[in-house]
Amino acid sequence: MLTSVLVRLVAWSVRRPIWVVVLSLVAAALSGVYVAHHFKINTDISKLVENDPKWAALGHAIDDAFPQRSQTILAVVEAPAPEFAAAAANALADGLRREAEAGRIGQVSEPGGGPLFEHDGLLFLPEQDVATTTAQLASARPLINVLAKDPSIAGLATTLSTTLGVPLQSGQVKLSGMAKLLSRSAATVDDVLAGKPAAFSWRALVDADAAREPARAFVTVQPVVNYGALQAGEQASRTIRATAQALKLDERFGAAVRLTGEQPLADEEFASVQDGALVNGIATLAIVLVILWIALRSKRMIAAVFVTLFVGLVVTAALGLMMVGSLNMISVAFMVLFVGLGVDFAIQYGVKYREERHRDPNLEHALVGAAHAMGMPLTLATAAVAASFFSFLPTAYRGVSELGLIAGVGMFVALFTTLTLLPALLRLLAPPGERKPPGFPRLAPVDDYLDRHRKPILIGTLAVVIGALPLLAHLRFDFNPLHLKDPHSESMATLLALKDSPEASVNDVSLLAPSLAAANAAAQRLGALPEVGRTTTLSTFIPDAQPQKLATIAAAARELLPALTQPAAAPVSDAQRVAALKRASNLLEYAAEDYPGPGAAAAKHLSESLAKLAAADAATRERAEHAFSAPLKIALNQLAMLLQPSEITRKNLPPQIVRDWVAPDGRALVQISPKVPKGADPGDDAMLRRFAKAVKAAEPGTIGGPISILHSADTIIRAFLQAAALSVVSITVLLWITLRRFGDVLRTLVPLLVSGVVTLELCVLLGMPLNFANIIALPLMLGVGVAFKVYFVMAWRAGQTGLLQSSLTHAVLFSAATTATAFGSLWLSHHPGTASMGRLLALALSCTLIGAVVFQPVLMGKPRTKRVTNQSQGIDE
C-alpha cells in the first residue's frame, strides 16, 4: 500500500513538473527569508549540556556570587626582565581601567600584582625569609647607595671599576662571586649590540624565579561578551590589544601582550573552525561534483540533484530555527548531515532511474519505475535514520539533542524533495537515455566467490570481531577539552607556557562556603589531602606574624630608605659614558688575566662586549642605557615601596580583592589547586582524576575545573549510551513493523552492530581515543549505516542476487564517497577537535561501507524462494 502511495506521488510530480518546481522554489524562498531574519548561533558552550538541578545549582551559586570570575581574559605581559614586565602590566591595567569606566570591558585586576603586593609583598614571606632578606639588603647598603646615586650606565661602569680595584685585590670580593653578574651583563650588552630586545634584571641576580625568561606579569579582564557572535569576546580582546599598542608597551618596556583564559580559548576555537573553511568547502564541492558525475553521468541530473539539495537544506534550516530558536555549536552541523544523507537519497533514486531508463527508454516510465523500486527502501531508510537521530531527544546532551531534532526532521524533508522535486526537475530537464545500466559487472567473480565461500567468510569475520571484543576494555575517553584546541593558537600556546604558573589555574576547583570562617575551615581540611597542593581564601591575603615582620622591615628601612630616596646624579655626556665603559673594559681584562679560574671567562667576555659598546654609535649606547638603567630605577623604586608596608587587616584589604573572595551576602570562596609532583605534567589525566575524586569526596560542594569536566564527560557518555540503546530499540521496532520477519530484522541490525563494534576496536588499535568532539561521529554513522543496510536487505527481499555487481552497490559506493567527502573534509580542519571527528567519521564510514557491501550480502546468503503462505508479510513485500 505504501509503495503505491509513493508511486502515485512521483507520478503526480512527473505529470505536473512546473507546478512542483514553482511550489518548491516558493517554499525555498519563504524559508530563505525566514532564515535570513531569524538565523542565530548561540556560542555559549555552557548551554550544550543540561546538568541535573543539584549539580547545576552548585555552578549557578558560584556564578551568581562571583560573576566577575566567569569567562575571563588573562592578559600575559611578557618582557625581557621582571622589572619591565611589572611596569608594563601596571601601565596596561591602568589603561584598561579607563576602558572599563567607558563600559567597553568589565572589571580589571592584577593577580599577584598591584598596590597591595607592591607595598606589602614582603609580609607574605615566611618570618625567617623576611629576616634573611632584610639582612641581605642591609649588608648591601653601600652598593645600593652607589646604585641609587647614579643608576646610569656610566655610574654602573664606574661602580664596577671601583669594585675591580681595591675590593678585588684585597679579597673583599672574589671574581668567582661576580661570575653571575658579569655573565648576565655581557649577555645583555651582546643583545643590545645585536639589536635584540634587551634588559638587565637586577631581581634575577638574587631571585632564581625572577631569572626565568621571558619574565611575566598578569592582568585579568572581565569581557563584555556577545554570544550572538561567533567570537563572543572578540571586542574585549581588541580593546586590550589596542590599549597595549596605544601605551607603546613594546617601545617602553620591550613588552608583548598575549591573551589566554576561558574566553580567548573559546573565541580562537571558533575562529579555527572558520579558518580554511572556504577553501575546504570549495574543494569539497569540486570533489562531490566529480563523484556525482561518475555516479550519474549527466550534467542535467547533477543540476537537478543540486537544486533538490538546496531547496531541502533551506527548508530544513527554517524548520530547525522554528523548533529550537537558535543553533548551537553542535546543531549547526545539521547542514553537513543533510548534504551527506540528502545526496544519498538523490543518488539512490537517480541510479535506479538510470537502470530503469536503460530498460525502458520512456522518461516518465523510468521515473515512476524508479519510485516503484526505491520508494519503500528510501522511506524505511528515512524512518530508521530519523529514529537514530531522534533517540538523542530525551538525553541531557542538549547540543546533540537539538542536532538530532533538526537532522531527523531534515531526513523527511530530504525524502519528500527526492520523491517530488527531483523527478519533476528530471522530467523538465529530460536527460538523455542510458546506453548501459549502472553497476560493476567486473565484480561478478567476487560475488561468486563470496557466495561459494559464504560460511568460512562469515565464521572467520565473526571470530575476529568477537575475539577482538576485549580491546573495548581499553577504549579511552579523553575528558580534557584542552586537548581539542589548536596548540599553535595564541591562547593555547600561552596557556601551555603557563602550565606551571598558579595564575593560569586551569585545573583549580572551587567551593562556596557560607562564611569566611567556614571557608577557612574547609581550606584547612582540603589542604591536608595528599592530592591538594594549595588552597586559597580571602584569609590567604592576610599574612601571619605581621608585627614581627613589620618591625624587621622597619629596621632595614631606617638604613636603606635614605639611600633609596636620595636625588640621582645629573646625566653625563656621551664622551664621559664612553670613557667609563673603556676603563671598565680594561680593568675586566686585567682581572681575567690576574685571577684565572671561575669568573675569568665571564670577565673576559664582558670586557670585549663593553669595548664594542664603547666603539659603537651613541644610539646603541642609549639603548644600553635603557637596558641597564631603566630596570634598575624600577627595581630601586619597588624596593623603596616594599620597605614601607602597613599592616594588612580584613578592613583595609583592597575592595576588589575582597569582592573576588567574599560575596556581598557573606558567602566565601575556596580555591583548591592540585598537587603536581616535580617534573610531572600538570595536565596528566590520571592525576587530575585522583585530585577531583579526593576533593569531591572530602567536600561534595566543590565544582569547576576537572570536577566539572569529568561530570560533563560522564553526562555525555551516559547520553550516548542512552541514545544508542534507544536508537537500537526504535530501529528494531520500526524494522519489525515494516519487515515482519525477525530474521530480516537481524539481517539489517547485525551488520550495523558489527560495523560499530569494529569501528571501536580499530579506535583502540589505532590509538584514537574518544573525546567531546569525535564522539558525535558515532550517531552520524549510525544514521548512514542504517540507510545502507536497509537498501541491501530490501533488495535481497525482492529476490535480487549478485549484489556487488548491481546498481545498488553502484549507488551505495558513490553515495558513501560523497558522504565521505562531506564528512572527510572535517579531517582537514585546523581545529583539532573537528579534525579528530573527521578521522573517526572516515574510519566509521569505511567500516559501515564494508559491512554493507561485503559482510551483509554474505550474512544474508541467497534470497528466499517466494511461496504462497498465510504468514503475514512485510509492507509491500
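The count begins at 1 with the first shown residue.
Glycine is no exception: its Cβ is also placed from the backbone N, Cα and C atoms.
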Practice prompt. Read off the topology recorded in Swiss-Prot and answer whether ARG300 and MET837 share one side of the membrane.
Written response: no
Worksheet item: At an 8 Å Cβ cut-off, counting only pairs 6 or more apart in sequence, do the transmembrane segment (457-477) and the transmembrane segment (840-860) clear the bar of 3 or more pairs?
Response: yes
Practice prompt. Grab the same-chain neighbours of the topological domain 'Cytoplasmic' (796-807) for me: Cβ-Cβ under 8 Å, and only residues 6 or more beyond its ends, written as numbers and ranges.
Written response: 351-352, 354-355, 437-444, 446-447, 450, 739, 744, 747, 853-854, 857, 860, 862-864, 866, 874, 877
Worksheet, complete the sentence: Rounded mean pLDDT within the topological domain 'Periplasmic' (322-326) lands at 91
Worksheet entry | Stretch among 17-37, 749-769, 775-795, 808-828 sharing the most Cβ pairs under 8 Å with the transmembrane segment (719-739) | 775-795
Response to the item:
Grouping DSSP H, G, I as helix and E, B as strand, the residues of the topological domain 'Cytoplasmic' (796-807) number 6 helix, 0 strand, 6 coil
